[in-house]
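In what follows, a single structure is set out as structure tokens and then discussed.
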Amino acid sequence: MAEFLDLEAHDGIRMPWNVFPGTKQEAASCVVPVSAIYTPLKPFPNMPVLPYSPLRCRTCRSVLNPFSTVDYMGQIWICPFCFQRNHFPPHYASISQDNLPPDLFPQYTTIEYEAPTDKTAVPPVFLFVVDTCIIEEELGFLKSALLQAIDLVPDDSLVGFITFGTYVHVHELGFGLIPKTYVFKGSKEISQDQILEHMKFFAKKPKPITGVTSASGPRDGLTAESIARFLLPASECEFALTSVLEELQKDPWPVQADQRAIRCTSTALSVATSLLGACVPGSGARIMAFIGGPSTEGPGAIVSKSLSEPIRSHKDLDKDSAPFYQKAVKFYEALSKQLVNQGHVLDLFVCALDQVGLAELKVAVERTGGLVVLAESFGHSIFKDSLKRIFQSTESNSYNLGLSFNGIFEINCSKDIKIQGVIGPCASLERKGPLCSETVVGQGNTNAWKMCGLDKATSLCLLFEIAKRDGVDAIGQPTNNQFYLQFLTYYQHNNGQMRLRATTLSRRWVAGPGSVQELIAGFDQEAAAVVMTRLVSLKMETEVEFDPIQWLDKSLIRLCSRFGDYQKDRPSTFSLSPRFSIFPQFMFHLRRSQFVQIFNNSPDETAYFRMILYRENVSNSVVMIQPSLISYTLQKDPEPALLDVAAIGADRILLLDSYFTVVIFHGMTIAQWRNAGYQDLPEHKAFAQLLQDPRDDADAILKERFPVTRLVICDQYGSQARFLLAKLNPSATYNLNAPSPGGNVIFTDDVSFEVFLDHLQRLAVQ
């Protein structure tokens, strides 16, 4: 495992197959697709940032890299992707074997370029869109969180403010004398031209004949003064914004007892998108929407106003009996296209006990690379701490998100590899070329993607297809057995300057008899589990009548048949190489996880889990699939424990990290001692330390997560112990006679891992 972590630490990439199958047939029999999990902006302390533009190949536009062949005498470099011969420009004249530019250093397979430009750095833009249809107490929590956030916003960044309930109110912060707002009716669809007209953008100047496009700006007749009415530097509008917030009232429209509040979320987001598109197209801007309930008005409504009609469930979506769903999704798809065109991001902060329509909004957040936080209340630490984390100081803070804007991500690869698509927070730029596969997975049919918002943790899952070869040594194949891949990320760094990051890799391919051992040696089972999880989640979203458990089981059986060691029809002889041995365990926990078992979750929660999964790196995703468990006792140092009901003991504390929740679970004896107050007695310092250790470890986990994880502290046999029991392997259940050593049984009809493995071995050897 360690060598795969080293590769990630060097280039920010993990691949299930680090030795590629060489033919299409070989790749198909490998079951897990040829793929990669890549973190484009992973921070590397030793990575050079070169102060000039990169050298690009004339034909395929790839960037000069350590795998290029260089002819020092002829001043020529040969591109490893298309074999084009390119001349070095005059300023590379002194190049020689002893005098290499950093682009060619073998250790710099990942490198950044920041060419000096005359353009001034563009400040980021934050447009707050706030729901006022919430109870007074919640509004109070939200106002205090926003006042804190506004203090933390960088002084040069531009800020705008919109509130919505039955109507949408756009606040003119630049009009300092009295509070001034422009009001739009929530039930009407409003075009961008109508918005500009209504907001008096052309009061002093005639409207341009060509019309204002979704990528207009000052050059299209919008003066800087007219833009500054709504978007002001944070330092200038702090007073105006604070006074608007302090005077903010709950939506005044009366709500009858049997009705839901009239909330026009979609209209507000549409107005916000059009305002940014007119004022600051193409520059890094975020719409930060704070939503406290379901949308009941406008084109993106998810439920009717009558409380007698429940909000759609998974069952309704499966039966196609959610009347508002398709229309809302269609509206948000159109909105996501507009946002991607403008290069702007939509972030969601959802705090409500009921669903608000996250399942419908998912497409707009995901295509623009937005952040999403889901909590029960605006007073909850999950919301408050996550909001603070976004604005925490940039470089100095190790937990900062490193928010970047306006990214374009491109892939170049050897001609025997085709790109099927990307699963992750990005939008296809529809740039179809010879590198694109006929099979499309996720955002496909292109070799370039728009990433409006990305941060140092954003990770994409890239899926490839090995192009067909007839024989192992088909005619005209390149003689070396290397495949080359190059990932280019062009983005606006949080210092405001545009940068290009290039990562170039080479991987060996093998084919024919005897290749199985080499494939096994290069198998990364953690990366494989994460790719399978993203794939199964995508299939559940997009394919009708898809059975995830059957698909996962069949895939696992095929993989074990291909790479296991056994005698036919003798299950007792079955064994797996250490490279594969944990993979069945990952699949067992994946079948029981919230990604596959959606029965107990609402569509909003499922959408939330998937959005987080699609943007996280391998190590965090593995914790979502198979949580980690640490045991603390007075006799021993903390140690990892098996994720099994047998790990529970009356005299131990367990710390479970399942990514979305961190659980501190006290055994019965420990809880009794704690309730008796032993930890406060001077002779029981060791016990006080035992109680404190898991708290410290949990705090360390919470500090580096975004969104901030929920912390649950519970005791054995307490009601909240369910957070732990739901994740454990049920080796002792109510229908087995023997309870586990810790005295706990799990009330479930699920099979245990032992039974699962037994069946797997029987089926794999057939």
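Cβ atoms here come from the backbone N, Cα and C positions, even for glycine.
Where the annotation comes from TrEMBL, it is an automatic prediction and has not been curated.
Sequence annotations record features per position, and here TrEMBL assigns domain 'Zinc finger Sec23/Sec24-type' to 54-92. Annotated domain 'Sec23/Sec24 trunk' per TrEMBL: 122-391, in sequence order. Per TrEMBL, domain 'Sec23/Sec24 beta-sandwich' is recorded for 405-510. If you look up TrEMBL, you'll see 524-622 marked as domain 'Sec23/Sec24 helical'. The domain 'Gelsolin-like' feature in TrEMBL is assigned to 636-724.
Over the domain 'Gelsolin-like' (636-724), the average per-residue pLDDT in this prediction is 95. A contact between the domain 'Sec23/Sec24 trunk' (122-391) and the domain 'Zinc finger Sec23/Sec24-type' (54-92) is absent, since fewer than 3 of their C-beta pairs, 6 or more residues apart, lie under 8 Å.
Helix first, then strand, then coil: DSSP counts for the domain 'Sec23/Sec24 beta-sandwich' (405-510) stand at 0 helix, 58 strand, 48 coil. Panel annotation: around the domain 'Zinc finger Sec23/Sec24-type' (54-92), residues 101, 103-109, 113, 412-415, 484, 486, 488, 500, 502, 504, 506 of the same chain, lying at least six beyond its termini, place a Cβ under 8 Å from a Cβ of the stretch.
Sorting the domain 'Gelsolin-like' (636-724) by DSSP state (H, G, I as helix; E, B as strand; all else coil) yields 42 helix, 20 strand, 27 coil.
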